[in-house]
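Asker: I have a structure I would like to understand better, so I am pasting it below and will then ask my questions one at a time.
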Amino acid sequence: MARGNNGTRRPKPNLLITGTPGTGKSTTASALAEATNLRYICVGDLVKEKNLHDGWDNEFGCHIINEDLVCDELEDVMVEGGNIVDYHGCDFFPQRWFDRVVVLRTENSILYDRLTNRGYSGTKLSNNLECELYQILLEEACDSYEEEIVTALQSNKIEDISNNVESLTEWIRTWRP
Ligand SMILES: Nc1ncnc2c1ncn2[C@@H]1O[C@H](COP(=O)(O)OP(=O)(O)O)[C@@H](O)[C@H]1O
């Protein structure tokens, strides 16, 4: 829902850019933030910087995010509006925070190359490839937000990044409080 706590519409929209790791969230979200002057929030970095986690998960090789701490940390800026949030999950954020939810999608062979270049192997690699193959993030987004605010965008080629940034910039530009 596009309404803040005071019942008025936010002056600037909040967007969530989600998708399997490697689909291009941080590349797309940071380019979009630069093009629009909105605030870029990388939840993964925030978790590390502010210790919003419950330790390290050896099996998955990542921090165990504390979702309540993350939501508390972000509440004020999200109510204010004008944020582009990047995270490979979306079901624990309050639904009212987002005006648009973008799920980036990448073909498996391309994602395989990106993730192996990043040093992923074994279970971590196969879990992420399966996550993309079974559209886990798209389903999570559709289950968590109103259908009309969720959009899946392809992120296979470099041109996809500029096209996606351009169309989202236009959407942000025409946003009216
Ligand atoms: N649409 C795309 N076309 C080509 N390369 C891409 C595309 N999106 C991302 N990449 C590359 O893939 C890698 C992972 O991108 P990144 O933005 O870090 O993904 P994420 O934030 O989803 O983990 C980076 O090297 C990036 O340059």
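Note: Cβ is positioned from N, Cα and C throughout, glycine not excepted.
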Asker: Between 42-65, 90-113, I'd like to know which one TrEMBL lists as region 'NMPbind'.
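Answerer: Within the set 42-65, 90-113, TrEMBL attaches region 'NMPbind' to 42-65.
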Asker: Quick check on the binding-site residues Lys25, Arg118: which one has the highest count of other Cβ atoms within 10 Å of its Cβ?
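Answerer: By the 10 Å Cβ neighbour count, Lys25 comes out on top.
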Asker: Widest Cα span across the ATP binders Gly22, Gly24, Lys25, Ser26, Thr27, Arg118, Lys157, in Å?
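Answerer: Largest pairwise Cα separation, rounded: 17 Å.
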Asker: Pull the DSSP breakdown for the region 'LID' (117-127) and write it out as helix, strand, coil residue counts.
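Answerer: DSSP classes over the region 'LID' (117-127) add up to 7 helix, 0 strand, 4 coil.
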Asker: Which residue counts does DSSP give the region 'NMPbind' (42-65) for helix, strand and coil?
Answerer: 7 helix, 10 strand, 7 coil
